[in-house]
Ligand SMILES: Nc1ncnc2c1ncn2[C@@H]1O[C@H](COP(=O)(O)OP(=O)(O)OP(=O)(O)O)[C@@H](O)[C@H]1O
Ligand SMILES: [Mg+2]
């Protein structure tokens, strides 16, 4: 199968900041790649390079077999892009925005108009079609911007955080739109902060941090990379949390994550139910009461936490998972 | 992809900008209202004081006739800041990012923007001409000369709008364009013959003013409208003032030759943040 997007060794620096530090990416044709990473990881920078907006300092990239750096205009004929911040013209109506984009894709006046109407319908914006985009809510603008990316039925789509700021209903709607596109053969690279989104939509996932790839694979592969099941425990008395951590560390196959704010521990284990019992015995022996205990499969949140040392939506340095932060990348 | 693609794309962009002018009429109201105010202020408040020095034995009505072309020049030059601010806003809001990922002609965004500002200037000139006629200004050299006068004003403003386009692409926000234009363009339109005859300016300022292309575009318009004798009333006018049409066109050509490529190169690197 050919690759819709290939990037090798992308480097982009802004002064001292290495926004991308030798990033490799691949999107096989007709598949979805989700790029996960904390704030400042370099997701938007990668998207901007692949969509011809900026040039990398070094490295190569091609989209649909066309070199992004050498032939940006040819690349633009095959892509649809929706950036991280909705780029709609506030003084045009929703309809005029899409009609303009259609004309600039050279669809011809008639088709541009028809396409604009169809997309407004599809994205639930038909009622607001003739209102200035200035009067749209944030989510409506976001949808209009996404519709703009689809105007020319591009075979390769880039969506930078497409569902950030959408309400749950719009988000589910968006997922359906994306699934339909992919079913029709569109290749998609999307960045996201929502692990659930990557889990549901993506064939492949890459996790990046500091402009480097730190893990890649399918959702299942990534989950197994960070260990099997997790023991999730909430103790009744927060002051006993550290002692509980000490007691359970011998059972763990990876780093134990302590979450002080919810008096919780996450212990990666591989023995299933027998270790659940073992853990409870150990805590009971020191009279540490628990409010809640459970065994669950790892989520992508765990992957994220383990690999990057901080949660996906954390703006700051590691706050939870001090142990995870010390751990080297995937085993 | 045809030969006409760049033109067609520019028209799409120009249309978009004009829709904005229609939806936010404040923009046009402000750019026309302030020159109308200038006409009235200078004609009726300062006119009496300045008027005497324009022509020997001159009076307020002679001054009004002198004034109008100067205000035309100042206004169309100021109008070019709309180009700069508009482009800076498009960069900031990510509209340029959107355009730059489309397979459109890469020169169309700037070409369309500068084109729509010519249309703005046409509207502004019409409004001001009517105001001028009301306060007593007249076209005395015939229709053809007058058209040439208007065209020269538009060409010069078009050239300046390419400088502003480039500035709009290198500054971080639209406000900077407005401030910069106020600091640079505003004085430039005053160190000229726009409001007062050059004879009234002291030595060094007068030298600047005699070679200031804003003076020459004003001078050319005045001559073509038949509002003032050639040479601007100076005993020994500069070469520029003796050949104001040619000098203005030279400036316009040089500005366009430098700033069209510069702005287009900058556009190809522009992205939000
Ligand atoms: N134009 C720029 N000038 C200076 N630094 C920049 C610029 N663009 C990006 N950076 C820096 O590069 C790094 C990567 O930024 P990027 O926008 O790609 O991150 P991101 O993964 O998209 O983050 P987020 O989740 O917040 O959108 C950050 O440290 C950012 O500050
Ligand atoms: Mg980003």
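Cβ coordinates come from backbone N, Cα and C, glycine included.
From the options B:27-46, B:207-226, the stretch TrEMBL describes as transmembrane segment is B:27-46. The feature transmembrane segment, as given by TrEMBL for the ranges B:89-115, B:143-169, sits at B:143-169. Taking residue pairs at least 6 apart in sequence, the transmembrane segment (B:246-265) and the transmembrane segment (B:27-46) share fewer than three C-beta contacts under 8 angstroms. When Cβ distances are compared across the two stretches, the transmembrane segment (B:66-88) makes contact with the transmembrane segment (B:143-169), since 3 or more pairs at least 6 residues apart fall below 8 angstroms. Within the chain carrying the transmembrane segment (B:118-137), a Cβ under 8 angstroms from the stretch's Cβ atoms is held by residues 14, 18, 21, 28, 31-32, 35-36, 39-40, 43-44, 61, 64-65, 67-68, 71-72, 75-76, 79, 82, 150, 153-154, 157-158, 161, 227, all 6 or more beyond its ends. Sequence-remote contacts of a segment are chain residues at least 6 beyond its ends whose Cβ falls under 8 Å from one of its Cβ atoms, and for the transmembrane segment (B:246-265) they are 106-107, 110, 152, 155-156, 158-160, 162-163, 165-166, 169, 213, 216-217, 220, 239-240.
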